[in-house]
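Asks: The transmembrane segment annotation in TrEMBL covers A:22-41, A:47-65, A:77-96, A:152-175, A:187-208, A:287-305, A:317-338. Per TrEMBL, the feature domain 'ABC transmembrane type-1' maps to A:148-338.
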Amino acid sequence: MSVTDQPVATAIAVDPGKRWRIARTVAGVAVLGALALLFSGFGVASFAVRVVLLVGLVVLAAGLLQGRMHKFFSSPSAYVATACLLLLVILAIFATEISPQNPYDLRQLDIMDGRQPPGSTNFSGTMTYHLGTDEQGRDIWSGILYGLRVSLSVSIVATLIAMAIGVVVGIYAAWAGGRIEAVLMRIVDFQLSFPSILVALMLMAAFGRGLDKIVIALVIVQWAYYARTVRGTALSETRKEYIDAARGLGLPDWRIVFGHLLPNCIPPLIVISTVQVANTIVLESSLSFLGVGVPITQPSLGLLIANGYDYMLSGQYWMSMYPGVALLAIVASINMVGDRLRDTLNPRLTR
Amino acid sequence: MLVFLLRRLAQSVFVLIAMMIVVFFGVYMVGNPVDILISPDATPREIEETMARFGFDQPVHIQFLSFVGNALQGDLGRSFVHGESAVSLILSYMPATLELALLGLIFSVLIGVPLGVYAGYKADRWQGRAIMTGSIFGFSLPNFWVGMLFILIFAVELRWLPSTGRGDTVEVLGLRLSIFTADGLSHMILPALTLALYKASLVTRLARAGTQEALMQDYVKFARAKGLSETRILVVHVLKNIMIPIITVLGLELGSMIAFAVVTETVFAWPGMGKLLIDSILTLDRPVIVAYLMLTVIIFIVINLIVDVIYTLLDPRVRVKGEAA
């Protein structure tokens with residue numbers, strides 16, 4: 001590159017940091033849009049929407065690690081966990097395309113195929129049940145894929161909503177201060193002093209089963225956690241010079257809060273929410289296992305395990321064993337990725 | 001100190017009242033118990049009589065007032081299903097849960113502390129990393145799935161340990177306990193291990209962090225200079241110093257052990273409070289649900305209060321702040 005054309009090149013090319021910021025924004029909007037479409041039931045069958053969702057998620061993850069890839073992948077377990085997580089997310093997103101059978105379409109089920117061990121072929125000899133079937137003759141592998149989708153989407157949506165509420169409450173408390181802050185934080189302390197499984201159990205007992213209800217219950221048990229974290233971050237951020245500078249410029253409060261304070265409170269939240277998604281999956285599956293979670297028509301992994309549990313003692317292990325392995329794989333890989341993220345993104349640990 | 005204690009007590013009473021309101025109206029929303037209590041072929045007259053006997057014909061606020069009035073006298077109603085007082089019913093199930101939680105705590109210390117100390121000692125070697133990765137699995141494994149796995153391996157395949165129930169019990173100080181009989185203990189091992197696993201990974205992490213910090217202290221250097229063996233340094237000197245925070249955290253976690261026991265007890269059909277709660281939810285046995293919740297709230301309030309008081313005693317800064325406010 002000669003000296004003369006260099007300014008031209010830099011003028012045209014967007015600098016990499018900015019390019020990543022644009023990519024992140026676009027991906028974030030795309031993911032939210034795709035999620036909204038999928039959950040409104042509007043685009044459930046639409047393949048394109050789900051491709052957009054997957055690509056958006058990958059871009060978001062890459063944007064998060066931008067410049068820190070090397071550090072993130074410094075241990076072999078990071079490779080394994082990331083690959084495992086990516087695979088499971090793909091399986092969940094494209095469950096309808098990948099699974100050999102729609103386990104909730106009664107026309108595709110044959111009661112003669114009930115409780116077949118892994119590797120057996122179906123009654124009419126057209127497909128093989130690699131992981132066996134349950135008492136209704138459903139293919140366990142297909143059930144796992146659909147269950148994975150339910151588990152993941154319930155916990156991700158619950159985490160996102162809880163985070164949004166927590167951020168609003170936390171920032172408001174930190175910004176308002178005084179009596180409002182004291183009252184809000186007492187509520188948060190009060191809620192956090194009870195174990196989430198008990199609170200969620202009671203809420204579900206009161207609400208009854210249902211996807212929307214379990215999301216609400218999971219949001220209620222989690223928002224306080226985010227509120228406390230955000231308040232802590234926001235308190236230390238408000239003391240920094242850039243907030244004073246924004247005040248000095250005469251910006252209105254809402255612009256300081258949303259334009260300056262909020263973006264700086266988000267990074268620590270990302271790490272927490274990763275691990276929190278895993279906790280939410282465990283919580284949801286425990287509730288479903290106890291019979292107060294998702295409805296029977298849309299079983300999550302926890303409900304699949306509970307369904308197979310009755311046959312476990314008679315040696316028909318596959319009905320709850322394999323959904324359990326899937327549950328363990330998703331939770332463990334999310335936790336490992338979260339662990340690596342914390343080590344990578346936490347500025348305090350930078351050596 | 002007295003002022004602080006009084007203030008905390010007043011707060012606790014306030015919390016208790018708030019919980020009473022939340023719990024009562026929350027549980028009030030759960031289904032209609034009349035459908036379950038009365039046989040479908042009952043005449044309208046019978047239905048009315050039963051409704052009147054349980055007070056369901058009264059408006060909600062009257063029901064609530066009579067509930068509060070009775071609760072203040074320690075009466076939280078009679079179980080619809082069992083027919084006895086809900087409080088005494090729960091109290092009779094309580095020893096089973098408490099002994100399970102206690103054994104779980106002991107297991108988590110016995111598993112977590114040695115692993116954590118070793119991981120801290122070998123922090124940057126593969127052994128330390130392996131233990132830390134393993135502890136992630138401990139966090140990740142859902143409680144109920146671990147229990148099922150244990151049943152599958154140790155009860156169904158190997159037939160070493162019984163899978164469900166409580167086994168022989170023996171009366172100690174007026175409580176029926178399994179822990180003192182060989183059969184009862186063998187029934188307890190699997191559920192207690194299941195309950196312990198999550199806490200064990202927590203203890204492992206705490207112990208590792210503590211050990212890493214302790215190894216850099218002067219007294220360890222001094223012990224090394226004296227020529228003590230590494231084992232002796234770890235077991236005698238380091239261990240003593242890291243146990244205090246671990247015990248504090250575990251004391252705090254006793255409450256959540258009781259809560260988590262809900263899941264473990266269901267898996268192992270352990271006749272404790274948690275199993276009773278799940279059964280009561282499924283049969284809409286309102287008084288038992290309410291009594292369980294009120295009792296748990298009281299347990300948690302007491303634990304939180306004790307912790308606060310201990311912190312105040314240990315850390316004078318909290319006390320000064322509390323008195324000045």
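Cβ from N, Cα, C; glycine included.
No curator has checked TrEMBL annotations; they are predicted automatically.
In terms of burial and nearby residues, how do these features look in this structure?
Replies: Through the fold, the transmembrane segment (A:22-41) approaches residues 14, 49-50, 52-53, 55-57, 59-60, 63-64, 153, 156-157 of its own chain, all at least 6 residues removed from its boundaries and within a Cβ separation under 8 Å.
Distant neighbours of the transmembrane segment (A:187-208): 169, 214, 216-218, 220-222, 224-225, 227-228, 283, 286-287, 290, 292-293; these residues of the same chain sit at least 6 beyond its ends, with a Cβ under 8 Å from one of its Cβ atoms.
Within the chain carrying the transmembrane segment (A:317-338), a Cβ under 8 angstroms from the stretch's Cβ atoms is held by residues 77-78, 80-82, 84-85, 88, 115, 117-118, 131-132, 134-135, 140-141, 143-144, 147-148, 151-152, 271, 274-275, 277-278, 281-282, 285, 301-302, 304-309, 311, all 6 or more beyond its ends.
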Asks: Where else in the chain does the transmembrane segment (A:287-305) make close Cβ contacts, counting only residues six or more beyond its ends and a cut-off under 8 Å?
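Replies: Cβ under 8 Å, 6 or more out: 104, 134, 140, 143-144, 146-148, 150-151, 154, 197, 200-201, 204-205, 209-211, 214, 217, 281, 319-320, 323-324, 326-327, 330.
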Asks: Mind checking which residues of the chain, 6+ beyond the ends of the transmembrane segment (A:47-65), have their Cβ under 8 Å from one of its Cβ atoms?
Replies: 20, 23-24, 26-28, 30-31, 33-35, 37-38, 72, 86, 89-90, 93-94, 97, 270, 341, 344-345
